[in-house]
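According to TrEMBL, the protein carries these features:
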BINDING   87, 88, 89, 90, 91, 92  ATP binding site
DOMAIN    78-333  domain 'OBG-type G'
DOMAIN    355-438  domain 'TGS'
């Protein structure tokens, strides 16, 4: 029971302002005294793209109802940090992923000091399949924020090679993408003098382990003093710190340690780096795009033991492909035997490493993919779009792509009784196509 509105232009932010002025556009909800309207906003602004929502108001109100702004990345967007030893192809990969030349690729250590940031879209075939039926004006994929963090060297935990600065950048991201060199090239120097991806992994992991141990050591004394006063949360914190220290002393990353949820929460503010999920990116030679070299095999074995995942890419080749137009790109991919750029696979793997899945909003104005944590509830997913949607969540109307493929339109899905109405406890499923109704 929704109606479409044309809403006034807001000159202040170059966006749209929805006004509750004309009562004729509002439709009553028979289950309550509220009335609802769906705004299909038709313009963009410099911060992002406006969205289709349902809002509620009491009858008779003539004040502005809502100011619709939806940035490309929501306020709770997640970041993946790209790390690696110097000269492993890290900045080359970042440039290709973000189609940016901001990260200066140079054949010497510390060519990146301040982190470069970029946005990369996450390819999803379902998004374009939805557009076959909805025919929107715009199609907006989900996106990730990537941070190119300077090359780390041995001794970073003690401040070597600007180590403290590098580690602080890693501490701020939600997941780590470590580029490891799995190719031989005498013209590209290696910081240790030989190509050994496992040694490279151990070098960085050792620095992260040492830094985490230092963080926990600094936190333990304060937590113990607070715990002696009877503070229950502090007691949980002490227990968690002691378990983490023992695990780190055995040279194991914290992502392989299982802690009760309450203890995880108690130490969540510490930004422990070895607890972050990690994706190893094997930078391979263009003659080994499938990653069959024994060096890649060793990386896969290590990842299986330490709760990580692996993806292969030839960063040099991908940087060349990224610079081509669509026609030339397709031709080059065919020449090297790839169905799609390896960068697409990297983006999807990074998405999964962050523990994300996608839901969609779909209307004539736009079809859009949104990232949400696996296991999130419907109100939490609504909050990805805007915090008010979560705060005032009433219900969600949901269907999936198979229903759209069978019934062709949302109207026919509804008439067939296949449009599900879900409440606050509903756990979002990957690929849900949603309308959220809320009241603030």
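Yeah, the Cβs are placed from backbone N, Cα and C, and that goes for glycine too.
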For the domain 'OBG-type G' (78-333), mean pLDDT (0 to 100)
87
How does the domain 'TGS' (355-438) divide up by DSSP, counting helix, then strand, then coil residues?
26 helix, 33 strand, 25 coil
Neighbour count (Cβ, 10 Å) for residue 88 (ATP binding site)
26
Specify the secondary structure state of residue 88 (ATP binding site) as given by DSSP, simplified to three classes.
coil
Including all protein chains displayed, how many Cβ atoms other than that of residue 91 (ATP binding site) lie within 10 Å of its Cβ?
28
